[in-house]
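What Swiss-Prot annotates here:
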REGION    1-165  region 'N-terminal SAM-like domain'
REGION    166-232  region 'Linker'
REGION    181-223  region 'Disordered'
COMPBIAS  190-203  compositional bias 'Acidic residues'
COMPBIAS  213-223  compositional bias 'Acidic residues'
REGION    242-258  region 'Fe-S binding site A'
BINDING   CYS242, CYS253, CYS256, CYS258  [2Fe-2S] cluster binding site
REGION    301-315  region 'Fe-S binding site B'
BINDING   CYS301, CYS304, CYS312, CYS315  [4Fe-4S] cluster binding site
MOTIF     301-304  motif 'Cx2C motif 1'
MOTIF     312-315  motif 'Cx2C motif 2'
Amino acid sequence: MAKSGLLLIHPAITTTPEEVEKAKADAVAADVKIANQFLINKVNEGSVKLQKGIYDVIYYLTPEAPDAILFPKKLIGALNEALKVGGVLYGLSDKYKIDALVNDFDIVSDSGKYHWVKKVNMAVKAEPVAVPLKKSEKSEPSKTLPSFKKAGESKLPSFKKAANKPLPTFKKKVEEAKPKVEARVHKAENDDDELEDEEDENLFDASRSKYFDEDDSESLDEDDLLNEEDAKNIGGITMITCGKSKTKKKKACKDCSCGIKEEEEAEIDNIRSQQDTVVKFTEDELTEIDFTIDGKKVGGCGSCSLGDAFRCTGCPYLGLPAFKPGEPINLDSITDDL
């Protein structure tokens, strides 16, 4: 007897009807009769409903590659219900392997064509079976339970009440009064503190006096501490030896009052005046280097009026602002530097 089959078609496969005919021919060769043929989108929308447990084989025909198949996962459970126990589903790949296991499919890929098989143990539900209980052939005589006699009521022991005797009385021991001990406090007077301070000062003075002997026999004369060279310079004048001429020269003390300090200041002023006369320029000499006056000598660059960026390293106008050609420039401010 031929198996009942279902053919589900992808909408894109309708453009190649030869693929559909080939799939039907393969089914007939496998002894499968295609009972129904539906578009997968119709089943997904619910316009076509599959009956439960009537198909032995379901074929899904799609032009997609096995790794790129797009199949609605909710239909995997519906296809499982449409198959009979042990039914086979062709056309899906390992991309939906987890969904197949969840919906009670076994995956077969070892031999032949890859397919899914509906599990038998999950589809068939075990029905409850009644098991009769057999009685034992030899009926054992019923055993009577042991009987227990109620213990006789025994009389409780009786106790005689003791005679009422008065309790012994105890007198509180009288505590002997302890003699009060007054704390002896020695009150120090202020006079004692003053006496102690005076005694400490006397001891301190006595300890210091041993380092200061007032004997006149050990006093030194201050003149005995000076040597001959110190005696010569006792006048307060310091002699300085010149590094070139090797001659000694007097130098005034810090608080000189003998007139040597004034002589040194006059000598310094004389040297300064001689230096000023050596490097001082006359007005004509200053005019010769004035580049702004026509007919006078000019610098090699001729750009002194443009500013420091255009002046030579030895230009006398360095540091001055830029000026117009022909504008008189006063160089008195730099005479001290020349």
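Any Cβ shown, glycine's included, is placed from N, Cα and C.
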I'd like the number of other C-beta atoms within 10 A of the C-beta of CYS312 ([4Fe-4S] cluster binding site), please.
13
May I have the DSSP-based helix, strand and coil counts for the residues of the region 'Fe-S binding site B' (301-315)?
6 helix, 0 strand, 9 coil
CYS312 ([4Fe-4S] cluster binding site) to CYS258 ([2Fe-2S] cluster binding site): how many Å between their Cα atoms?
54
Given a 10 Å Cβ-Cβ cut-off, pick out the one of the binding-site residues CYS253, CYS258, CYS304 that has the most other Cβ atoms nearby.
CYS304
On a count of neighbouring CB atoms within 10 A, which of the binding-site residues CYS256, CYS315 is highest?
CYS315
CYS258 ([2Fe-2S] cluster binding site) to CYS315 ([4Fe-4S] cluster binding site): how many Å between their Cα atoms?
50
